[in-house]
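A.B. asks: Residues or ranges marked as domain '2Fe-2S ferredoxin-type' by TrEMBL: D:2-80. The annotation domain '4Fe-4S His(Cys)3-ligated-type' is assigned in TrEMBL to D:80-119. As annotated by TrEMBL, domain '4Fe-4S ferredoxin-type' applies to D:139-169, D:183-211. The domain '4Fe-4S Mo/W bis-MGD-type' feature in TrEMBL is assigned to D:220-275.
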Amino acid sequence: MQECHCEDKQMKLAQLLLKYKDTPGALIPVLQQAQEIFGYLSPELLREISAGLRIPLSRTYGVATFYSQFHLKPRGRNIIKVCQGTACHVRGGSKVLEAIKRYVGVETGETSEDLRFTLETVACLGACGLAPVMMVNEETEGQLTPDKAVKKIADCE
Amino acid sequence: MINLMDNCCSKCTHSPATPCSNYVLCRTAGPFCHTDKGCEEKRKNHINNVRVPSGGNYQQIIVCGGTGCTSSGSARLVDSLKEAVNEAGLSDRVAVKRTGCHGFCENGPIVHIKPEGIFYTRVKPADARDIVNHLADGQIVERLVYRDAAGNSYPHFHEIPFYAGQTLILLTNCGHIDPEQISDYVAVGGYRSLVKVLQHMTPEQVIEEIQLSGLRGRGGAGFPTGKKWAAARRAAREIKYIICNADEGDPGAFMDRSLLEGDPHSVLEGMIIAGFAVGSHQGYIYCRAEYPLAIKRLKSAIQQARQWGLLGKNILNSGFDFDIDLKEGAGAFVCGEGTALQASIEGLRGMPRVKPPRSTEKGLWEKPTVLNNVETLANVPLIIQMGAEEYRKLGTEQSPGTKIFALSGSLVNPGLVEVPMGKTLREIIFGTGGGIRDGKAFKAVQLGGPSGGCLAEQHLDLPVDFDSLSSVGATIGSGGMVVMDEGACMVDVARFFLAFTQKESCGKCTPCREGTKRMLEILERMCRGEATLDDLADLERLCRVVKNTSLCGLGQACPNPVLSTLQYFREEYMAHIVEKRCPAGVCAELVRYRIDENLCRGCGLCLKNCPVQAIRGQRKQPHAIDDSRCIKCGVCLSKCKFKAVVRS
Amino acid sequence: MTNSIDEIAGADLILAIGTNTTEAHPVISLRIRRAIQRGAVLVVVDPRKTELAELAHIHLQIKPGSDIALLNSMAKVILDENLWDKEFVESRCEGFEELVEAVQGYTPELAEELTGIPADSIRQAARAYATVGKATLLYTMGLTQHVCGTDNVLAAANLALLCGQIGRESTGINPLRGQNNVQGACDMGALPQFLAGYQPVADETCRKKFSEAWGGPIPDQPGLTVGEMMQAAIRGSIKGMYIVGENPVISDADANHVEKALNNLDFLVVQDIFLTETAKLADVVLPAASFAEKDGTFTNTERRVQRVRQAVQPIGNSKADWQIICALAEALGLPMRYQNPEEIFNEMAALTPSYAGIRYERLEKEGIQWPCPAADHPGTSILHQEKFVRGKGKFHAVAYLPPDELPDRQFPLVLNTGRRLFHYHTGSMTLRTDLREICPTEQLDVSVHDAQCLGLNQGDRVKVISRRGEVEMTVRISETVPRGMVFASFHFPEAAINKLTNHARCPKSNIPELKVCAVRIEKV
Amino acid sequence: MSDITCTINDKSVTVPRGTTILTAAAMLGIDIPTFCHDPELSRYGGCRICVVEVKGWGQLPASCVTEVREGMEVYTESEKVLEARRTILELLLANHPDDCLTCEKTGACRLQEYAYRYGVRKGAFPGACHAYPVEADNPFIMRDMNKCILCGKCVRVCSEVVGRSVIDFSFRGFHAKVATPLDSGLLNAGCVFCGSCVEVCPVGALTEKQRIGKGRPWELDSVTTTCPYCGVGCQINLLVKEGRVVGANAAGHGVNGRHLCVKGRYGHGFIHHPERLTNPLVRKNGQLHEVTWEEAIQEVVRRFGRIKQEYGGQAIGVLASARITNEENYLLNKLARLVLGTNHIDHCARL
């Protein structure tokens, strides 16, 4: 387990808000940097940013949901995308998915509490010949078995 | 004097605090303030280290550090080369340097030996020692030399057909200077245009020069840059802004990225000149966050320009103040639109606003604002340096200058090319681009990304300039050029672009928000073979209405991919609708895979690889595909060694 | 108001004293916001950090009751720095020397001691008010409900005269009145010393005019104010009262005292639409129709006379107040026969110069601002344009006077009272609407600091105790109140805050000091 | 500033520079449909229903944001314009619930009005539709974002006029939605329920909870009167059906224009409250009992008569009211001084 740096993070946020509180147009850089500190933009964080910059929360929310760079839910350090295309499905993709879920301990679309993984499914990765397939971060992994998939994931930080 | 920008000796006193108007020239042709042979020598050495003149005792190994070559491992290659140079004991006369993009990305990592001009492609770290060993003996490492499809080899940079057809004026520096060293830029003549402007020209003269040059905005619309500047100059307001639009979002376009990564100071110089001409003291560069390397290089360029007094207060003792802030985009294609970009800088949702008022009257923070894209601004120092008259000799009457294109798709030589305006599509695609890959036939070229159109065979002899292309329903766009061969389905291409614009619509105006969604749904139905002729009529009507009534340029242009494919490839649409057939065999739902009994040897490879066990057959007997199980993934086709699997 | 509501949006500076505009006059606050959007400066004088104070460019967080010290000091700064409007003062005002003398001692430093506002902020505000083109001064009960309420207003008027910020568009001294027809009630002579149109009852000519028109004699001595009537009731010199559409048991200061007075009467008639806390004490209760069930006119805070129109029939056997009054008059032997309110209006207009030119048909589309002396007069949006009513504008020398009851060891906190957005007055109307759902009960605003000292948490039940009574309430810890102050509204009969308030009154206007009294808090 | 002359539908009009086509057309009595335009709010130009054809222009400009130019020839109902308007209406309807039958806005809905005017029916573009939950977490305002056409008037009125910005656009493209902060409802957003957003909403996306099922617009009588609350004197319309006040809205003129506060707009439930006094009461044996008017009046006359007789009129006090009308205050004034013979008349002017 990593050490918790909550206080550190709060301190960084306070400094960030202090730095930008009188700068017009600071919302987007502040959201970017806050997301860098916390990994994602939680409701509490958006509230704090709004209060700190004296920007209506509705506007902060509007901006945070407009740009694709911003995540309002926590994201893991590793993004796992398991293919759910037809080919993968009939080749045991769902078994692979189940094994990954068990290992990571989350449902599809969720992120593990230690923020190690975000588990997502995709319609088709276009690598049907290698089915079942998943993508871990930028790497495509094919011809998976449940064991092989878990082993691959276990290597991730 | 570690750096060309440093003070040569104690007599040289320039610093941003005590700026001197001769600073830039003094670096290259000086010293002016005192006479000292030694100081002159120091300068010469520094300059030679950058320019590497032939006949000198000095060689340089240039490694391409563009995004393409970096992703194919050029950073490690630099290390290996440095190591090899050290090992060979050549470090005092051979330098290893990383530059910006060479444009020949497909063949990276690229290595270029100066002054000989030897050009290596696909170089691996393991090749480092061979390259270094052959430096001294003047030999060429044959295996690393570029070869075309016919097997001809081209050991020198200037011989390669890809470069031979180009006119490199904007991209020259990209392959030659270290973009993270301001001194490299100054050594090759950088910031001299700024000096000229500040010392010898009035703002009006600068604007006149730009107007005379006929420079038109390279962002897509082709608006005359000088006219824009003049309008902003006329606006009688204290505060004005210059914005560099570096939010290059078109899929398949990376011209601006290459310029920013390879020659960031040329863009800064263009901005400072624009600021002087317009009467602005603050500039912003809005760069998309997806370009981390460009952001890094811009940051270092801005920091260095400030450090040496080329940005900030009283630039070169001219009394003119100008500074630049870098703003990172947050992932929204629409922010490439000027007013949306301004909203984004203001910290708002990137939604375009209606014009007029034009940005030159009321732009960022409601102040007069000049918004130019990266390539446009990079042209500015060039025009000042060459003079408008000379500049106009490039390109066409109505579209002077060069244009950088990002060539991609089914080409022999995809990459970044710079050609004079007015070259024909054929020259670019079949000349510089080397023609269609794998001996296939040309089918279409998509220009200008989601705002542009698809042109066909009959347009190949059209000159590429702003006006010729718009006459046939395409635009030059920002310069993306995707070439498609006979294997491309034009309905699918239209669907692809619509899916992109639909996803990126900001949602402000009804036609774009709702219209693109319905257009996409219709195109999806067509690709699935579910569309009717009524759908086609609806699609055409939507195209008209979205084009005629959308709020911003992006919305107005987003039907172009559909309209142009409808115009030039209508029969393909009809095949999808009426015959439920995809002639190119791309649309999965309309494709059938079949095994030609005569060609099948019964090897079982397809059967083994089929992910859904849709293929049956005894060994050594012809196999067959069960349509009801086939998911049309195409694995069988790609695996078959006997071309027995047929797609129809 | 000397000026009109619309003009607020055009001001360059708004000096808002003791007005919680966004809650008490929400629609006027829209004009303030528009002015700010246009670039106007907002200066707010308020002990609380109200929403308006949050909007302000300068918030002068004043100690309650020290307004004169602030306003005199601002005048001194303006005089000392030579920022006053010499031409205006010379040509339109008198008593300048008295003012100069009266404010001489009020250095910003002294004012800082008395008001708790930094001297520099006082200077800053004074300079801003004096130097902008158009400054409008808005105030409400925060300025007036003090033992020195009248002097507070005079001190504000001095400032406006001194800077010539009156008699022009978007300037003036503008009290924002709290009730729909409080202006009209005053205009109509529902005041002990005035007949309709502020014609003194003690003035023989005026009296004569009315008694001739009415056909009977009118007593010549000015009568008693509400507070005095209550005292008289306790003393026994007032035996009977007729209360129409008022709920003094909840709304007036020192409610226990009011209740005692009303209980001491021989006979009490209350006329209202609900059985209010006051009506419950009555011997006869007369059911009145609401505003929706009758015709008539109201006069708003900018002196605009506007129509009230009947939308539905009176509920049950209730009757419009005018009909009840007519019935009573008739039964008392002096018949008043009117077909409709318009006839009453016309009779009134004939006797009231400022309303003389107003007729119902002229009010069809938009109201008319009095004075409107003739049928062809368009009404008056800005008062005192050419000259003041009395001729020259008079400076009044006024001096700082501390509140009647200050906190002490036994009652260490200041109780401030006022209004909340979602309710109105004694709640007899709003508590019977869906508004109750969104704001079901009153809470006592306590500062973070005091809550910590007293060990109070959000939602704790407490007893608030003054020398005159006690009320139980729930605590809301709030950043709006300063340390040492608690705040509550008087909207909720179940938390009748006026049981606590002080009945000490301004000797000139008889306004009670509802903004300051001393209380302590005990956890229940 | 000089004036500009242009023609609209071949009629010539001269207007000041800076006038929009929409305004110039209105001066000629030509009605151009609008959703997002509002003279009180900033120019937006998002809905595009007001597009017109200008001779020589490629695009169809939005008339609400395009200023007329000298010699401009505008056509407001050309074939091209009609096709565009119909298509835009079809697009809006394609993503709009088909429930005009029960929608509160029926009869006052601009989408409905224009669909009728241009003969457009639902069904042109089958496809995805929004399915947002209806937000009704508060007593006053119902938000059904499925009906929203994203004209943004509510967003602008809340920020530009009311100055609160409790709602704003969120997400983008097809998923763009006017949302409360973090989608957590108006109650948590610091909304003051002034209802200005409802007032400006051209469709059924924002409606008043109090008025659900209380009557169609055409069934309601609207009586303009003055608000009974604070001293601002806002002009309101009381909406009446079958002798009952079922709602209120701003009269659109007077000091308040289209704006009110929560009390003026939603605080009229007291009128028909069951606790209203409907008969006179007289205290008998310590208890208040309902009596007839005659009895009550007689009681008052008898008791006041006795006091007057014994102690004189000066023993009677009258409290008039800041709540009743001018006429009534005047009469009370007359009653006190003339009939009862007392100048002890006052009211709560100081509270």
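Each residue, glycine too, has its Cβ placed from N, Cα and C.
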A.B. asks: Report, as numbers and ranges, which residues of the same chain sit near the domain '4Fe-4S ferredoxin-type' (D:139-169): CB under 8 Å and 6 or more residues beyond its ends.
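C.D. replies: For the domain '4Fe-4S ferredoxin-type' (D:139-169), the list is 35-36, 38, 40-42, 44, 46-47, 92, 96-97, 103-105, 111, 129-132, 176-181, 186, 189-210, 212, 259, 262, 265-266.
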A.B. asks: Over the span of the domain '2Fe-2S ferredoxin-type' (D:2-80), count residues by DSSP class, listing helix, strand and coil in order.
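C.D. replies: Each residue of the domain '2Fe-2S ferredoxin-type' (D:2-80) counted once, the result is 9 helix, 21 strand, 49 coil.
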A.B. asks: Give me the DSSP three-state residue breakdown of the domain '4Fe-4S ferredoxin-type' (D:139-169), ordered helix, strand, coil.
C.D. replies: 9 helix, 5 strand, 17 coil
A.B. asks: Helix, strand, coil: count each for the residues of the domain '4Fe-4S ferredoxin-type' (D:183-211), based on DSSP.
C.D. replies: 12 helix, 3 strand, 14 coil
A.B. asks: List the helix, strand and coil residue totals of the domain '4Fe-4S Mo/W bis-MGD-type' (D:220-275) as derived from DSSP.
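C.D. replies: Result for the domain '4Fe-4S Mo/W bis-MGD-type' (D:220-275), in helix, strand, coil order: 9 helix, 22 strand, 25 coil.
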A.B. asks: Summarise the model's confidence over the domain '4Fe-4S His(Cys)3-ligated-type' (D:80-119) as a mean pLDDT value.
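C.D. replies: Taking every residue in the domain '4Fe-4S His(Cys)3-ligated-type' (D:80-119) and averaging pLDDT yields 96.
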